[in-house]
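The structure under discussion appears below in the form of structure tokens.
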Amino acid sequence: MGILPVSEQNVFFEGPLSGPWYSKHKTQLLGVLLAAASNFLISVSLSIQKCAHLRLACQTEPKPYYTSKLWWCGIILLVLGEVGNFTAYGFAPIALVAPLGCVSVIGTAFISVLFLKQTMRAADILGGTLAVAGTYLLVTFAPNVPQELTARRVQNNLVSWPFLVYVILEIITFCILLYFYKRKAVKHIMILLMMVALLASLTVIAVKAVASMITLSVKGKMQLTYPVFYIMLILMATSCVFQVKFLNQAMHLYEATAVVPINFVFFTTSAIVSGVIFYQEFQSAALLNVFMFLFGCLLSFLGVFVIARNKKEEHLQVPYIDCGHIPGQKLTGKIQPDSYSSRYGTLNNEDDSVKTQS
């Protein structure tokens, strides 16, 4: 048997680490690395902000959080991470960038153990393993779509009948949820986060369009003169503002351990669906690739839920007042505050004190 030519040998050994695979997915791989690094940077920024809040809470005279240099350092890293995520949409498909948000959840869990001295749980290790395995499948079986997203293509996609049907159904669903939220005062976590997800689907469509047109303009193919660029820019800003509003409402009413995993699943699902409908990202994908990609998403979802499950919230405020210097009180004595009045102690009524003295 003779030795096969080099060109024929490469056909048999083409894989995730081969030269042909790299040259074919080079731009997409750049978006993946940028999204992963940005989400890890976001997890670092959140941990830094939490550390700043813990330090301020331990001071004898707590100052506002915005006076802390450490807190501002976390905010700067958060902004850099979000800018990196925004840029990643210009190089990789929505279906690939959106699920990589699990990197932020994994990073936050392990950074909390290393630097905030929290206890490492078996659930953190299991959830991190599931999420890493899911991320590997996402990167390997992600759809390979052309990245030349011009303004004319965005215009054509805006008036395509699949997207118009999708937008009409989304508007109807959002109006129904908003009716229950406003008129019926139903503020269930599912209703709030479903509204966030519906808005997020429009946000990621606009973000990818804006990021791609800016990327092409930087390369020399000017796209910023088209009106559709400014339409998508306004859509991105508007949907993002209302998305943050409802997400903050959910964070105010419910614990972060419940909001974070549910929001991640809803956001990722809506982003993938919007990418499929608006950008036809799975149009030429093989059935096996679609199945393995969805299986990777499922593993990432499970990983995030396992990490967030039964994770206790830390309370920064001390729920008692030290009265060691009050006459008649021991140094270890504490007076519990009465949550129903402005007084402290056990005498809630002046009449009761009068009766006791008499």
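Using N, Cα and C of the backbone, Cβ positions are placed for all residues, glycine too.
Record features, source TrEMBL:
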TRANSMEM  29-48  transmembrane segment
TRANSMEM  69-88  transmembrane segment
TRANSMEM  94-116  transmembrane segment
TRANSMEM  123-143  transmembrane segment
TRANSMEM  163-181  transmembrane segment
TRANSMEM  193-216  transmembrane segment
TRANSMEM  228-247  transmembrane segment
TRANSMEM  259-279  transmembrane segment
TRANSMEM  285-308  transmembrane segment
REGION    339-358  region 'Disordered'
COMPBIAS  339-348  compositional bias 'Polar residues'
Interface present between the transmembrane segment (285-308) and the transmembrane segment (94-116) (three or more C-beta pairs under 8 A): yes
Beyond the flanks of the transmembrane segment (29-48) by 6 or more, those residues with Cβ under 8 Å of it: 22, 70-71, 73-78, 80-85, 87-92, 96-97, 100-108, 111-112, 115-116, 135, 139, 142
Sequence-remote partners of the transmembrane segment (228-247) [C-beta within less than 8 Å, at least six residues beyond its ends]: 151, 154-155, 158, 192-193, 195-196, 199-200, 202-203, 205-207, 209-210, 213, 259, 263
When counting Cβ pairs under 8 Å to the transmembrane segment (69-88), the leader among 163-181, 193-216, 259-279, 285-308: 193-216
Long-range environment of the transmembrane segment (285-308) - Cβ separation under 8 angstroms, sequence gap at least 6: 95, 99, 102, 105-106, 109, 123-124, 126-138, 140-144, 257-258, 260-261, 264-265, 268, 272
Long-range neighbours of the transmembrane segment (193-216), counting only residues six or more past its ends (CB under 8 A): 86-91, 94, 98, 147-151, 154, 170, 173-174, 177-178, 181, 222-224, 226, 228-229, 232-233, 235-236, 239-240, 242-243, 246-247, 250, 259, 262-263, 266-267, 269-271, 273-275, 278-279
